Amino acid sequence: MVEPATATQAAAPVMPQLKDELDIVIPTIRNLDFLEMWRPFFQPYHLIIVQDGDPSKTIKVPPGFDYELYNRNDINKILGPKASCISFKDSACRCFGYMVSKKKYIFTIDDDCFVAKDPSGKAVNALEQHIKNLLCPSTPFFFNTLYDPFREGADFVRGYPFSLREGVPTAVSHGLWLNIPDYDAPTQLVKPLERNTRFVDAVLTIPKGTLFPMCGMNLAFDRDLIGPAMYFGLMGDGQPIGRYDDMWAGWCIKVICDHLGLGVKTGLPYIYHSKASNPFVNLRKEYKGIFWQEEIIPFFQQAVLPKECTTVQKCYVELAKQVKEKLSKVDPYFDKLADAMVTWIKAWDELNPPTAGSVPNGKAA
């Protein structure tokens, strides 16, 4: 049986990396008691809490954390009419935190994710591993059979082209979960007792041209490189679909990373996912997406961005145009989503105007 680490196990002293360059974004509808377990790892960092649901409810945050909290009223005040692109009553609202952050890196985590233990029983500092992933290059153009060659104890294997060993900048680090797997509703229904107990000590680059189902509950990214594409779509209240927010963002960022020559890693770190969501509620949210994804995924597999798209913003607006042209026939929702994608970019640029000497998004410094 897999159990989360206790607060005592997680209390090893930590030398925080990127303390002034990273924000932790947490979407929530409840008090954040779970932060006590993460205190040894998170307390040195700034938190951006995005409160979903009723804005009159008070969210309690344990003392000692440096944070800012935004509710729906704040989002409406800051973005005005453009607030329509931010989902309501859905964890997709977290992407507002990405937009208002001024840091280079983002780590986002759900409030039902606890500290995991590795096979030796040691508490896993998920944030530390994400930082390692982001600060080391990715290798999307040629697969290394020892996985990440930049990890300690690994290297490029015989036959790996020397011309590709420099790698490319890593834009995204996608972590995994022990205990409750991230399953869709039909799989939850047929495997209600299944738990993930396998801790696989591996990090690998997702190859160019390969899509993946991104999960937003344990995710980090370089905001300077890919931030404007980390839009979690229109989900939740008033929308015909839910629980596809992170996957939509994942398909978009992968197409754009492939185009711009950036890397996406998956594997370590693990968190302990503590709570199974209701599969019947999930099915109601997902059922259209389950049909639609059979057309959405081929769309992304075939999407080509023109060479004139040299920044994330240009890529994303072009992708929105293609969504409107090719997916609106699947359902009118995609016409609305494409418009929201463009609104998101406009809002992002308003809150994040370029500064003198800054490097354009999508370009490594």
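Each Cβ is built from the backbone N, Cα and C atoms, and glycine gets one as well.
For reference, TrEMBL has these:
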CARBOHYD  ARG158  N-linked glycosylation site
SITE      ARG158  site 'Required for activity'
SITE      ARG165  site 'Required for activity'
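For the recorded positions shown (ARG158, ARG165), fewest C-beta neighbours within 10 angstroms: ARG158. With respect to their backbone Cα atoms, ARG165 (site 'Required for activity') and the residue listed as 'N-linked glycosylation site' stand 12 Å from each other.
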